[in-house]
């Protein structure tokens, strides 16, 4: 970094501030701290586009502005909130699984030593002291305990993230979302606040001529809508009063403004060879206009005969010297400068860069020649908002996510773009939205910035350090943060944020720092990425409900059955098959759940909210206890023993019990998929679910008829199989009843709360009347 001592430079600082507009640097002493906006200060990482000069070096290495960005990149990114939650849940469930394994081992030993001996303690002690009797029983209890640990400890939870992510990967790529790091898509489902760039994300990322205002006030969105004479004059001005050239259908050279003007005429069949440029006065920031004298090859021009001079520049420089304008019929009329000034201010308020185009009968070689100009049009140029952005921002804000635009533009331009995008909306509490500059932000303490975060919508003239600071403070407030960026200047903030959205056309450094690459640079794709993040979280919750219900059933049956006289109602091999169903096949089935738009109508999950909430726990307890009760009833009720040929061979009874256990879990997968009463809701969008459910059922049928001694199975008759399926299917109406009751009581509670709120509102709205003393004198 250094200070310019002499010369004059045009510098591209986009790598540092993200803004494509070049900055003029001149040796004017600004003093104070190092700041990108200072006219005399040059910074490492920027590019000198034009000019020459002498610089005194002020800072080097990691002390430079660029070095500071590199230092921030070294900080370790935070761990995914979802991984933290899943790790906590897995730890809790593992401890419960080990406890259940110990209890079941004790219950098995109690059954084998006491119950089998008719509660005769002397006989039980005798068996315990006889190692040939005791050792097999101890090994059986230990094996059963290990099987319970395998089933109950949720080793499939971490794998579930990878399975769901890989299942959604192709769909996300089609929606222009490429996940580089799983941590990003995991965290995006719980996003509370999103800090977004303006240029290239909310806007198209390139300047366009979007408005043309003629002298009579007619406003056109395209040069083709202008009156014939004005349109031809504008085309001539764009082609000849410019520093860029048209080559093979592409616009090359010049500055961004000139290129935007020339692009506005590209679709038109305009023959440049019919005209030639005689003289040209290049644009200079000192006099703020450029001029070019043009002659018609055939001796004809739209105005003033054989030749004329086109003048283009700042309206405040051109308009005062205009005395007439060209009307729709090509006639010259008296010019109203005040009306044109009002139009210019209105365009400026809409974040447009406004240029005035005029024609002169004489050559213009300097400011002294700006006399008696004929006004042609005002041209509004801006980096236009993407048409899908307002709807995407509305979708994101409806999902409970605050969006903050961070830009290097001035505060007026930034606010205008934010207004058009729909960002400047009040908070849910009715507080007014807030727009601040980077300098104002730097002057605030961390506590002050944290306090204004709920109202903050725009940060203008922002520096990369402002982005990192906002991310840090939002995370300290318990928010899950997202950050978009495309430049080297954004890399540190992208890395620090919980979710870093790098743009597809951004630098490699930004993509490396980001978690998700938005391939089309579109904010609408960011909204889709958030929806996929929420889908993954919901899929994991569905999987947790399904798995823990089966866990509860397996543990409950294994714990209680020995006291009913059944030492191993489910064998170790059968337990391992159940574990495969729970951890692998079910994970694949739930991984294909569709990303529904309705997910974006819900509030984001809080950073501290556990994966397993109270509602889920209630579902698991209800369905799990129902299934445990169903299995124990099956084991104890004489009618089932008779139905499944217990007297002939108990293996038929145990085969039916194994089938009941597995099929009830399979049918419960439909319950776990949705809280809707219609279990088939959106089922067609998850064909994987149907495929894996049918696969599990097919394998289970194969085990019933061909599992043999290994799985303790024997073939059931069609009648026995149908009865088993019907019995297992009762978990669906049981859970249906639960859903109806939950909806009924939840609706009554909501109505009661709403009535109480309305009563309080009426009381607060009631006018206060002074107390009247009614006592007698």
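Heads up, residue numbers simply count up from 1 along the chain you see.
From the backbone N, Cα and C atoms, a Cβ is placed for every residue, glycine too.
Feature annotation from TrEMBL assigns domain 'P-type ATPase A' to 1-73. Annotated domain 'Cation-transporting P-type ATPase C-terminal' per TrEMBL: 568-741, in sequence order. Sequence annotations record features per position, and here TrEMBL assigns region 'Disordered' to 756-777. What TrEMBL records for 96-115, 141-165, 543-564, 576-596, 617-639, 651-667, 688-708, 720-737 is transmembrane segment.
Within its own chain, the transmembrane segment (96-115) is flanked in space by residues 121, 124, 127-128, 137-138, 140-142, 144-146, 148-149, 151-154, 551, 555, 558-560, 562-563, 565, 567-568, which lie at least six positions past its ends and keep a Cβ under 8 Å from the stretch. Counted over residue pairs 6 or more apart, the CB atoms of the transmembrane segment (576-596) and the transmembrane segment (617-639) come under 8 Å in fewer than three pairs, which marks the two as apart.
Counting residue by residue with DSSP, the domain 'P-type ATPase A' (1-73) contains 16 helix, 27 strand, 30 coil. Between the transmembrane segment (720-737) and the listed ranges 543-564, 617-639, 651-667, 688-708, the one holding the most Cβ pairs under 8 Å is 651-667.
Within its own chain, the transmembrane segment (688-708) is flanked in space by residues 167, 577, 581, 585-586, 588-593, 655, 658-659, 662-663, 666, 669, 673, 715-716, 721, which lie at least six positions past its ends and keep a Cβ under 8 Å from the stretch.
For the transmembrane segment (651-667), same-chain residues at least 6 beyond its ends with a Cβ under 8 Å from one of its own Cβ atoms are 546, 549-550, 553-554, 557, 569-570, 574, 577-578, 581-582, 627, 630-631, 634-635, 640-641, 644-645, 693, 696-697, 700, 703-704, 711-716, 720-721, 724-725, 727-729, 731-732.
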